[in-house]
Amino acid sequence: MNGFPILSVMLLVPAVAAVVCLFLDAKSARWLALAATLVDLALGIVLWASFDIGGAQWQFVEHSDALFGSFSWALGIDGFALLLIMLSVFLMPICIGASWEAVQQRVPEYMAAFLLTEVLMIGTFAAQDLFLFYVFFEAGLIPMYLIIGIWGGVNRIYASYKFFLYTLLGSVLMLIAMLWMTQQAGTTYIPDLMNHDFPVHAQTWLWLAFFASFAVKMPMWPVHTWLPDAHVQAPTAGSVILAGVLLKLGGYGFLRFSLPMFPEASSQLIWLIFGLSAVAVIYTSLVALVQSDMKKLIAYSSVAHMAIVTIGLFAFNRQGIEGAMMIMLGHGLVSGALFLCVGVIYDRLHTREIDRYGGLAINMPRYAVFFLLFTMASIGLPGTSNFVGELLALMGTYQVSTWTALLCTTGIILGAAYMLYLYRRVVFGDLTKDDVKAMPDLSMREIALLAPIAAVVLWMGVYPESFLAPMRQDVAILLERIDRAQPKGDSMPTAGNPSAVPAAHHGAEGGAH
Amino acid sequence: MSYAQQMMMILPEIVLAVGALVLMLVSAWGGHSSARGVSWTAVAVLIGAGVALLGPASHGGEAFYGLYRADAFGAFAKLLIYIAAAVSIMVAPRFFATTSGDNLRPEYPVLILLSAIGMSVMVSASDLLTLYVGLELQSLAAYVLASFMRQDTRSAEAGLKYFVLGALASGILLYGISLVYGFTGSTLFDVIAQAYAGDRSLGLLFGLVFVFAGLAFKISAVPFHMWTPDVYEGAPTPVTTFFASAPKVAAMGLAVRVAIEAMGPAVDQWRQIVIFAALASIILGAVAAIGQTNIKRLLAYSSINNVGFALVGLAAGTQAGVSSVLVYMAIYIVMTLGSFLIVLQMRDADGMPVETIDSLSGMSRTRPWLAAALAMFMFSLAGIPPLFGFYAKFAVFSAAVESGLFALAAVGIAASVIGAYYYLRVVKTMFFDEPAPAFAPMDSKVEGGLIAITALVISPLGYLLIPALLSATNMAARALF
């Protein structure tokens, strides 16, 4: 792939398609959007296939300095970015497919907005220039604001404002911090900044400025309140992309900026992250338990899952960080799929009230199977994607703070409670309501949307190595960087007495590749 | 220095003055029927003046014993002024054809030309009296323009209000000038700067405060902003387009030159004033705009808000700060001209102008491209990337951070979120609400073309202009240091 600017092409394809969409009628706009996202998926697969695991830290690097004067067009990915880009390009065709029939009004604009979102998401993960990152990161607000506001539910205008202003307020302070950082370090190039040692007294302020932005995006308690509103009002595909990818921007930000650039501040403020996350896990899980709106329930569960991501990231050890990344990927797939599941029955009955359903296992058996799989994945059942991530993240956290690990583990139990309770009320029970009886089972289109996600969820659960391998080296580099600020753990695990067995194990693992 | 060389330095002003006088005669004899011809000739004169900037006018240095300075800073500001003035002339004929009952009167372009001469003098003044002459020439023409629709009471009121408050501000400025002159013994910027570099007496500080107060009125910075919404609302829309663009650049250029060249050594004194004016403008401009129902008043508050951001760059007081102010003004006038061009398209089925924000309701379905363009301008004014308005804010805040003004930068940018709210409201009205009756179709290719050009500059493609823009503004800023 030498010389072929694959990342720029991945940005260009949906960008051009978005503009062309505006000139087409509804039917051609749908097909064009699907084609463009599939091309990007194909390019993504090529990207993954040609990503040299264990090779250079930054691959597919593109650089054009003079283009924008004060910042440059610099793209490049490491293992973290690769996996998140894969998640984006994988979910995008599914989103288009999910809107195939549900969206009937102003289709060309809708497709253009989604394609634009895809451009901005890939750009955010691939940007290697600090301000280029900021441009992509912030610009994502515009299409999402339009998607929620135009094609959303009854209370869409309130939700769109809340989404926009909340996230904007979080981000602007980050811009000021970025300006200071680039002037201090004399570069806007992210890999250089990641190795720049900022003065420790300044790190706290910079860390807090970045935290303001990422905590809102993540979203962390108590600035999570925009999320349930946005999710409930957004159209199904909007929720999928919001939960699937946009929430990952916060975690990616912590991973890319907060940890490697401000390790001392991260270590000092670890109590803040752990405290807020522990509250979030328990509080939002309890809130999820009493929801009567399906989308709101899943939205609150997202907040709880993302809190486990943050504790994992700030555990300062390999298990924690790898686990956090695995949850981000797993949650992106599972919550996206759960929103699709809600969308399927919402399209039939046009209500998200849990009480209006019941007994779907009788007349929609295929739906019940898929929904069960994703419910179990969301709970973190072994064999599904979320199990791997949650186990690793909590193990990592345990080494730093036993209390946080203990409190956050209750989230798994509560998660099982609210998800099973949801599933029981929607799918099991008697089929009494006439309009629910009349609902047809999944169509081929809907199966085609859910089946790929189900396959990947199981793949991640059964053979997570495929997903751990690309980031292994990047985790090592990150750990080396933040090692000097390692917080003192309270569990004080002592290493066992390793015999010759692990060596053989590594050999076997190496042989598998 | 020979007289001819000095004349070459003021060639743009000479071109404008001769053009304005000749066109005045033409309009006096030609009557109403000459309006279109005079308009297009006036645009040609402005282009001629712009071309004349290529000569010694942009790098000649001092002329007339220090009264006037032809440098890159002035040239950059003049270029923006001429472009804005030309656009204001081009959009007028269609507007006046439908409103005042009779067609555009040929005095309109002539007055704009006269105002442009005043603005040229303002940005090149290096003496307090040159400054004042330029300012008054610009203002007097502007007062007449504000009340150009004589039969319309709102227009007459706007003109009168502008005149009375403008006269008051001129008085304050003159009082400040007299104090400065009294305590320094000169009106030349260079001599004044030397006086401020030495032991600063109370009189000098008072003079500084009054001069800045007078200038704050001209750029409509809070707390001297009260006239702006009323004048913007009452004046005919093409005139408002003009007020929001060219005189803003001129007054900002003037303020920067006075602050840096004349009072540069007293930067710690005026920085407090500028920081206060900047933050007050940003916050008041944003908060007061929320309740507006008239799009022209909304844009008036938006201009107050934007002036606040430009002042953030001036508060830095460095070369990078001056450069960022120029970047801001350059991008600001493109956004403003674009927004007003769209306001000009807001006409009901009979062709009469409408100004309520509610009439934009659902425009994305009745006039999708126009709505998309206005949405771009609104997001851009709010400073949301990837639109070009983001870069303007980026530049000024970068300069402020470089000078260590963290509190100003943090509060200023946080307050920009309040501003985002009312810009979003316009987008919401156009995209989320049910359609209102459609506007009359656009029948002017000139205006359509101008909207397309401004929208293109504001789009992400505008980022490609940054290297050129930066090299121009850096050269201009260097001229002041």
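From the backbone N, Cα and C atoms, a Cβ is placed for every residue, glycine too.
Copied from TrEMBL, the annotated features are:
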- A:62-121: domain 'NADH:ubiquinone oxidoreductase chain 4 N-terminal' (DOMAIN)
- A:127-412: domain 'NADH:quinone oxidoreductase/Mrp antiporter transmembrane' (DOMAIN)
- A:488-513: region 'Disordered' (REGION)
- A:6-24: transmembrane segment (TRANSMEM)
- A:31-51: transmembrane segment (TRANSMEM)
- A:71-98: transmembrane segment (TRANSMEM)
- A:133-151: transmembrane segment (TRANSMEM)
- A:163-182: transmembrane segment (TRANSMEM)
- A:202-220: transmembrane segment (TRANSMEM)
- A:232-249: transmembrane segment (TRANSMEM)
- A:269-290: transmembrane segment (TRANSMEM)
- A:323-346: transmembrane segment (TRANSMEM)
- A:367-388: transmembrane segment (TRANSMEM)
- A:400-423: transmembrane segment (TRANSMEM)
- A:444-462: transmembrane segment (TRANSMEM)
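Predicted-model confidence for the domain 'NADH:ubiquinone oxidoreductase chain 4 N-terminal' (A:62-121) is 87, expressed as mean pLDDT. Beyond the ends of the transmembrane segment (A:232-249), by six or more residues, the same chain brings 84, 87-88, 91-92, 94-96, 98-99, 102-103, 114, 117, 121, 124, 137, 140, 144, 147-148, 151-156, 158-160, 214, 217-219, 293, 295-296, 298-299, 302, 306, 328, 331-333, 335-336, 339-340, 342-343, 346-347, 352 to within a C-beta distance below 8 angstroms of the stretch. Proximity of distant same-chain residues to the transmembrane segment (A:400-423), defined by a Cβ-Cβ separation under 8 Å and at least 6 residues beyond the stretch ends, is recorded for 270, 274, 277-278, 281-282, 285-286, 288-289, 291, 294, 297, 301, 304-305, 307-308, 311, 314-317, 320, 354, 371-372, 375, 378-380, 390, 394, 487, 489-491. Below 8 angstroms of C-beta separation, residues 103, 105-106, 109-110, 113-114, 116-117, 120-121, 123-124, 127, 157, 159-160, 163-164, 167-168, 171, 174-175, 178, 190, 230, 233-235, 238, 241-242, 246, 249, 253 of the same chain, each at least six residues beyond the ends of the transmembrane segment (A:133-151), sit close to that stretch. The DSSP breakdown of the domain 'NADH:ubiquinone oxidoreductase chain 4 N-terminal' (A:62-121) into helical (H, G, I), extended (E, B) and coil residues amounts to 43 helix, 8 strand, 9 coil. The stretches the transmembrane segment (A:323-346) and the transmembrane segment (A:367-388) meet in space: the count of Cβ pairs below 8 angstroms, excluding pairs fewer than 6 apart in sequence, reaches at least three. If you look at the transmembrane segment (A:6-24), the same-chain residues 6 or more away from its ends with a CB under 8 A from one of its CBs are 32-33, 35-37, 39-40, 43-44, 46-47, 60, 62, 75-77, 85, 89, 92, 108-109, 111-113, 115-116, 118-119, 122-123, 126. Counting Cβ pairs under 8 Å to the transmembrane segment (A:269-290), the top-ranked stretch among A:202-220, A:367-388, A:444-462 is A:202-220. Residues 301, 305, 323, 326-327, 329-331, 333-335, 337-338, 341, 344-345, 360-361, 412, 415-416, 419-420, 422-423, 426-427, 441-442, 450-451, 453-454, 456-458, 460-462, 464 of the same chain, all 6+ positions outside the transmembrane segment (A:367-388), place their C-beta atoms under 8 angstroms from a C-beta of that stretch. Panel annotation: around the transmembrane segment (A:163-182), residues 130-131, 134, 137-138, 141, 144-145, 148, 188, 193, 198, 202, 205-206, 209-210, 212-217, 223, 225-226, 229-230, 261 of the same chain, lying at least six beyond its termini, place a Cβ under 8 Å from a Cβ of the stretch.
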